[in-house]
Amino acid sequence: MANVIVIGAQWGDEGKGKITDLLSRSADVVVRYQGGVNAGHTIVVKGQTFKLHLIPSGILYPDTECMIGCGTVIDPQVLIKELDQLESLNISTKNLLISETAHVTMPYHRLIDKASEERRGSHKIGTTGRGIGPTYADKSERTGIRVLDLMDPAALRDQLEWTINNKNVILEKLYNLPPLDTEEVIQEYIGYAERLRPHVVDTSLKIYDAIQRRRNILFEGAQGTLLDLDHGTYPYVTSSNPVAGGACVGTGLGPTMIDRVIGVSKAYTTRVGEGPFPTELHGELGELLCDRGAEFGTTTGRKRRCGWFDAVIGRYAVRINGMDCMAITKLDVLDELEEIQVCIAYEIDGDRCDHFPTSARQFARCRPIYKTVPGWQVPTSECRTLEDLPQQALDYLKFLAELMEVPIAIVSLGASRDQTIIVEDPIHGPKRALLHPDGTPASLLSA
């Protein structure tokens, strides 16, 4: 039995969906623990592409139980569309369970999110406009609607009559928007409740029962470490906690029950939206990475900013999450490059800095210190073992593992399930220490 957390080690979009999908083969339960429809994951199976925002990747395995935990915020409209899409493809959704204490995104959340971002002008933070921040804000203010409220028409009406009256004042007076029709919203969400009712349970109890039965549980985060509300590049962050610790709060998992943490990073770095990005590439190289990596957001379609691999934020992610091993994705995107650069440290105002600065203003002043390594200029997308990889690609992966001081367990070379090298099964394989007894960093070559 293993309880495994999969987290993003960069700014999201690292390929967690594919890695979670792969690991779901060995999992009995897959749990999404935070975020909402502001994140998406793409999975390619036998040439068929699935784009999901709320439903865990494990849904594609008929015997895997999938849960949406209490730390998520649920947009019923989007969730029902995902259910309908999967069922139209003859993929069963009977194993999907939804936390009754998760909060619900309402129409006023989306309206306020978009209007607030517009009002920020040059100070915008790059929100997706899906209402996630305002939903979490209402949760903190204790005025939110939870799934269990959605299941009780009388309670829902009582809460929404008061809440929409207050939100309409904000919409009209602050943003010059027309008010919402209270009765229309109530009836719309009562309809959603009936569609979702069979899936709603106390997921924390289900998770505890699964642990008692010694089942393998995979906890799936959205976004990435550098977008964490407390540990990311604030204020250019999301409104929840994608880090490994968020899995405990967002599901009811006790911290002593975590067996291992798997971090997912691209072989380079991307970021979508606003905020500092020291290794960002402009010009032809940035465009090359964007084109070869198909770097456009699953949720918004926005073009992602691309740059070299940043080992400073990588080490930070290892530390914050207590990572046991890494999955490196999109190695094949680098196939055409003669040389590759890796950021090993920063320079701030003339001084070397080996650690991630907690101030976004200070982070914006960071200039990357690069180590240049040779590329391989050989296609790797058909490689299926470490021995198939060109030596320069192996050397690159070993270099990343040494810089991060954590072993690499998985290498992804494309979007499909089969375009993967499993160095070590992170669920059933032996848990390795970050350093060997002789003090040298562990690397994928020690597998």
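Quick reminder: no glycine exception, Cβ is built from N, Cα and C everywhere.
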Quiz item: Which of GLN159, GLN223 shares the IMP site with ASP13, GLU14, GLY15, LYS16, ASN38, ALA39, GLY40, HIS41, THR128, ARG142, THR238, ARG302 per Swiss-Prot?
Solution: GLN223
Quiz item: Say you check the Cα of ASN38 (IMP binding site) against those of the recorded positions ASP13, GLY15, LYS18, LEU331, LEU413; which is nearest?
Solution: ASP13
Quiz prompt | Spatial neighbour of ARG302 (IMP binding site) that is closest, considering only the recorded positions ASP13, GLY15, LYS18, HIS41 and their CA atoms | solution = ASP13
Practice problem: Calculate the distance in Å between the alpha carbons (Cα) of GLY40 (Mg(2+) binding site) and ASP13 (active site, proton acceptor), and round it to a whole number. | Solution: 8
Quiz prompt | Other C-beta atoms that fall within 10 angstroms of the C-beta of LEU413 (GTP binding site) | solution = 26
